[in-house]
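**Q** Just dropping this structure here.
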Amino acid sequence: IKGEMMRPAAQQYVVTRPLYSEESFAQDHEKIYRHRKTMLDHVKQYFTCDTKRAKNTALSLLPVIGWMKAYRFKEWLLGDIVSGVSTGLVAVLQGLAYCLLASLPPWYGLFSAFFPVIIYFFLGTSRHISVGPFPVLCLMIGSAVTRLVPDEGPAFNITGFEGLTRDEQRVLVASSVTVLAGIMQLAMGVLQVGFVVMYLSDTLVSGFTTAAAIHILVSQLKFVLGLEVPGISGPLSLIYTLEIIFNKITSTNVCDVVISIVIMVVVFIVKEINDRFKSKLPVPIPIEVIMTVIACGVSYAFDFKTRYGIDVVGYIPKGYEAPVAPNPQIFQETAVEAFPIAIVGFAVAFSVAKVYSIKHDYTIDGNQELIAFGVSNIFGASFRSFAASTALSRSAVQESTGGKTQVAGLLSAVIVMIVTLAIGFLLEPLPKSVLGAVIIINLKGSLMQFREIPYLWRRDKADCVVWLSSCIGAFLLGLDLGLAVGLGVELISVILRTQFPRCSLLANIRGTDIYKDRKDYINIYEPEGVKIFRIPSPIFFANIEFFRNKLVEAVGFNPLRVLRKRNKALRMIRKLLKKGKLQWTSIGFLNTSCGPINESEDESNMEELDQPTDFKDFPARIDWNAELPANIVVPRVEIHSLVLDFAAVSFLDISGLKGLKALLKELIRVEVEVYIVACDPYILEKLHDCSFFDDEVQSSMFYLTLHDAMLHILEKHPEPTQKKSDYEKVKKTHHPPGSLRSRDRNVGISLKLCFSLSMVFEK
């Protein structure tokens, strides 16, 4: 019958192999010797140069050579031209708008949309991102700019500020900060430390960019409302800015508000149409560009600046300015701001580039991207541009309009250059409230990230805490300190998860070689006297004590306490035997004293209590779980075997190694057999190198799999007949007695394991 589930078909697989400990497996299966490179080998290889490596280095440093060789002119050129023109128009508008966030004259944003793009064309590995201003970076630069050159009051006493106007001082600060951030990016790329961006998780970046969106929104309110609000930086700057805005709200310019509302409504509606019909539209409607052109025309025709007193872009000089050298004193003052700018700029660009590289099936190199952005920022800042990254909306335009390579990016830079050199004057009557409105409406995606909070709280509360910490930290303390707070909370969450892992006791799923948490399943089998303890994290200095406490809790006794009690009991029994108050008979100890025997409180030689129990002068070993003579009480140990599952233990440091060895010795000394299973070969090798093994802790306790160890335990400690049927699905075929090896000589029991697997097929 169509759609009906077929009857589950049972499939079986049969495995016949010896039972393996790590030692017996190593004896039966020879390993291939692999030469491990030392640090010196890596250094020699790094500095070795030949023709092939020189060629590969040149290609890696200039990726343009590689993809230009494979450029398909007939298929890609038209798409790149259309994409370049579309992206260029958006880049012009965003360059002017985002420059307001950096507290700089608007035309400097055109420089940032031109110079970095040229360098990235040659050095970048992504073919689809649009390099240029990014609002969060602009805001971070603006924070540094307004701190050193405030709107009200004198600027910092910095050599080189003499004779410069306030705008020129701000441009010098922005370019110097950008050079410093570029130097940091270039250094990280050369040192091959591009992996540092991996510490910025998606959750942290999401919370941080959401707070940045709020900062951007508040910073643009003064343009949308037509108010004069001084730039404020530092902790709580957002609160102080809002206070000033609310105090001046009665001075709002109604014309600016009306223009902004109209722009935002129209742009929002058309963007929704673009999203809904993107599969049918050949090119997204460039509504921001269209509305900007209309606003320019209307503002010029009705002379908004004179009649309504609105603030416009104003004079835009033609051409480019001469290169300027960075100010070393500004480096010292802004190093704290430059580092997060370098990290955030690269992290955002790399994340966007990675999305498009996966979509279009090519690879990007994180270290080369660092070099590309580092050189782009250093070169661009020399011509007074500010830090560049990528804007998701601009990159989406470049990719969605048919862009295949950075040829589209180069053509977008040409469009920006044409505006800068020839037609920039047409944008002079553009109201700044239009730019503010465009910026605010483009924050929709970032602000909507608040919807992630309920999802994160349900799925992963630790990630939710990271999101809230980075968002609240950036909201209250500023973007630079907020990023540090978010990163700190994220690292603490990782440390806590590693330091306090969820340890568990495992049990066998009946009739299989599968072992799961005993709390999660009903049909399980647990041999009497056996505990299986799983450690789901590395064992190192920070969690070795936690691991010990959890293990003691799982087995139900403290081995060190039990050992001391037993040695103290032995000491007392020896004294009683010596005094004749106790005698050994064929049926056990006989109390020959008439009165009660009081336990001795002699605490001398306490260190002897931690040593292995010594029965050398006793006629027989003492059964510690039986009733002891002279009313001596020792805690019972209900287990005879403990299996430690090391499958999830990825590394073991020296402190963890010492703590583990001490714990194993304590367990062995109270006559608990310990088995360690599924240990990583690297860890096992490290244990041998660190002289971990001795007469008590032996390498024979390591077994290849959990099931191997359990079968060995069942052979050594057979279950009672009535319970043995619980495990009868595991068929064991014994070798002749002469070929059977004990645990100390590596067990070699041939097994035939039959497992049932149910598979469901749908017709």
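Note: Cβ is positioned from N, Cα and C throughout, glycine not excepted.
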**Q** Which stretch does TrEMBL mark as transmembrane segment, out of 370-387, 676-693?
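**A** Comparing 370-387, 676-693 with TrEMBL, transmembrane segment matches 370-387.
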**Q** Suppose you look only at the domain 'STAS' (520-713); what would the mean pLDDT be?
**A** 85
**Q** Do any residues of this chain, six or more beyond the ends of the transmembrane segment (170-197), have a C-beta under 8 angstroms from a C-beta of it, and if so which?
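**A** Non-local partners: 102-105, 108, 141, 144-145, 148-149, 160-161, 164, 324, 326-327, 330-331, 334-335, 337-339, 341-343, 345-347, 350, 365-378, 380-382, 384-387.
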**Q** What residues elsewhere in the chain lie close to the transmembrane segment (107-124), defined as a C-beta under 8 angstroms and at least 6 residues from its ends?
**A** 61-64, 91-92, 94-99, 130-133, 171, 174, 313, 316-317, 320, 368-369, 371-373, 375-377, 379-380, 383-388, 406, 409-410, 412-413, 416-417, 419-420, 424
**Q** Near the transmembrane segment (281-302), which residues from the same chain, at least 6 beyond its ends, have a CB less than 8 A from one of its CBs?
**A** 82, 86, 89-90, 92-93, 259, 263, 266-267, 270-271, 273-274, 310, 312, 397, 400-401, 426-427, 429-431, 434, 438, 442
**Q** Please give the sequence-distant neighbours of the transmembrane segment (465-492): residues at least 6 beyond its ends with Cβ less than 8 Å from one of its Cβ atoms.
**A** 136, 139-140, 143, 199-201, 203-204, 206-208, 210-212, 214-215, 233-239, 336-337, 340, 343-344, 452-453, 456
**Q** Mind checking which residues reach the transmembrane segment (407-427)? Cβ under 8 Å, same chain, six or more beyond either end.
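**A** Sequence-remote neighbours of the transmembrane segment (407-427) are 71, 76-77, 79-81, 83-85, 87-89, 91-92, 95-96, 107, 110-111, 113-114, 117-118, 120-121, 129-131, 292, 296, 313, 316-320, 398.
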